[in-house]
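According to TrEMBL, the feature active site, nucleophile maps to D24. According to TrEMBL, the feature Mg(2+) binding site maps to D24, D26, D245. What TrEMBL records for D26 is active site, proton donor. According to TrEMBL, the feature substrate binding site maps to K220.
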Amino acid sequence: MSARLNTREDYQKLLDAYDTWLFDCDGVLWRGDHLIDGVTEVLDILRRLNKKIVFVTNNATKSRKTYKQKFDQLGISIHVDEIYGSAYAAAVYLSTVVKIPKDKKVYVIGQSGLEEELRDEGLTYIGGTDPADNTLAQFDLSNFVLDPDVAAVVCGLDTQINYTKLSKAFQYLTRNPGCLFIATNEDSTYPTWHGLLPGAGAVSAPLRYALGKDPICTGKPSTTMLDCVKAKVHFDPSRTIMVGDRLNTDILFGQQGGLATLLVLTGITSEDEIIGPNASAIIPNFFTQGLGDFRVIDKSP
Ligand SMILES: O=C(O)[C@H](O)[C@H](O)COP(=O)(O)O
Ligand SMILES: [Mg+2]
């Protein structure tokens, strides 16, 4: 059973109970480039109360550095070390868990943020934003030269996904022995200011279908993402809360990490998915309409 936060006391109790606050971004802080009502004020309240704040996003289109710029542009003061993205998690997974040899390459389906994180981890990649792959020209397999050094395909949200990229990724995954299939995240949709669009999971879905194989996911709810945070941030799970807008990524991630969970309704999930006969099996501890609701604690009782 999920508890709806209603009164000033409800919000105060949560602030008292948790020292570390993990925030999802799309659908919690913003939709596209539009901040959600009250976010800046609530982050200010948490700073004033000396809470530890961490941002954990599955959106792999930006690197941590470019997220920092986005926060700056939106007028939110944060440190780059407070940001953890699924692009970063994929790069760390390849460099420190798989320990991909330096002479090997990654074939990227994704945007510049994913390329930047791979580069920062010392990994070599092809594909991605390369104009040669961002084409609607017919893919010609007879002209394709297979690069034997491609040891992994990493797939993130790519708003310029096309048949050439899917075909090349498919070639590497079927013809290069041991080539790893990695998805930064598997969100089926993501929230923009004007409504939902297909998410990164929908970008990797054609490959999953063609291969008959699931990728290794490095974003929420996977433990790779939590391991990345734990490697840099010390927190007591019993005094930590994950705030998110999606049940099968954010809330599951929090639950699997032994954290409390708070759902906001400003992104993907609606109230009927957590309450009533059609409720999901993944239920947050708490829910509230939006992060801005915490502003009530600054109002006189
Ligand atoms: O990749 C996706 O599908 C989307 O970017 C998705 O919105 C993830 O972002 P998050 O909600 O985790 O910030
Ligand atoms: Mg979200």
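Each residue, glycine too, has its Cβ placed from N, Cα and C.
These figures come from a predicted structure and were not determined experimentally.
D24, D26, D245 are the recorded positions among D24, D26, K220, D245 whose C-beta comes within less than 6 Å of an atom of ligand 2, given in sequence order. Neighbouring residues of the recorded Mg(2+) site, listed in sequence order and excluding D24, D26, D245, comprise C25, G27, V28, L29, T57, P191, G244, R246, D250, V264, G267, I268 (Cβ within 8 Å of the Cβ centroid). K220 (substrate binding site): 32 other CB atoms within 10 A of its CB, across all protein chains.
Within 10 Å of the C-beta atom of D245 (Mg(2+) binding site) sit 26 other C-beta atoms, taking all shown protein chains into account.
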